[in-house]
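First comes the structure, then the notes that go with it.
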Amino acid sequence: MGSKTAVNEFVAYDKLGQLQKEGKLDPKSVLVATYALCGFSNFGSMGIQMEVIGGLAPGRKTVASKVMLRALCAGAIACFMNATVAGILISDPVVCNSANSNSTCFRIPS
């Protein structure tokens, strides 16, 4: 979660994939972490958001900068809540080891 917030989600997904290949994580942990990493709550996204708001409403840039950190926290909490719900609803996740079109890795629990 720290690398997702400090750098971005792509670096965090890469580290998660390495841990998964090494067999250090349980499939349910991979599922929950995948949902938790999904989102744009990082410092790079804050900068992008600041530039867009500054371009659309230059007079409101100072107001936007005051709530930017709270928006980052709210976005992170939303991602973590999604991960929590996914962890509750999916009891036995299937981890795909191959990416071919004939695999039956993707299944929806009934």
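Heads up, the Cβ atoms here are built off N, Cα and C, so glycines get one too.
The shown structure was predicted, so the numbers you read here are calculated from the model rather than taken from an experiment.
Database features (TrEMBL):
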DOMAIN    1-87  domain 'Concentrative nucleoside transporter C-terminal'
TRANSMEM  29-48  transmembrane segment
TRANSMEM  69-90  transmembrane segment
Helix, strand and coil residues within the domain 'Concentrative nucleoside transporter C-terminal' (1-87) as assigned by DSSP: 73 helix, 0 strand, 14 coil
Long-range neighbours of the transmembrane segment (69-90), counting only residues six or more past its ends (CB under 8 A): 1, 5, 28, 31-43, 45-46, 49, 109
Arithmetic mean of per-residue pLDDT over the domain 'Concentrative nucleoside transporter C-terminal' (1-87): 86
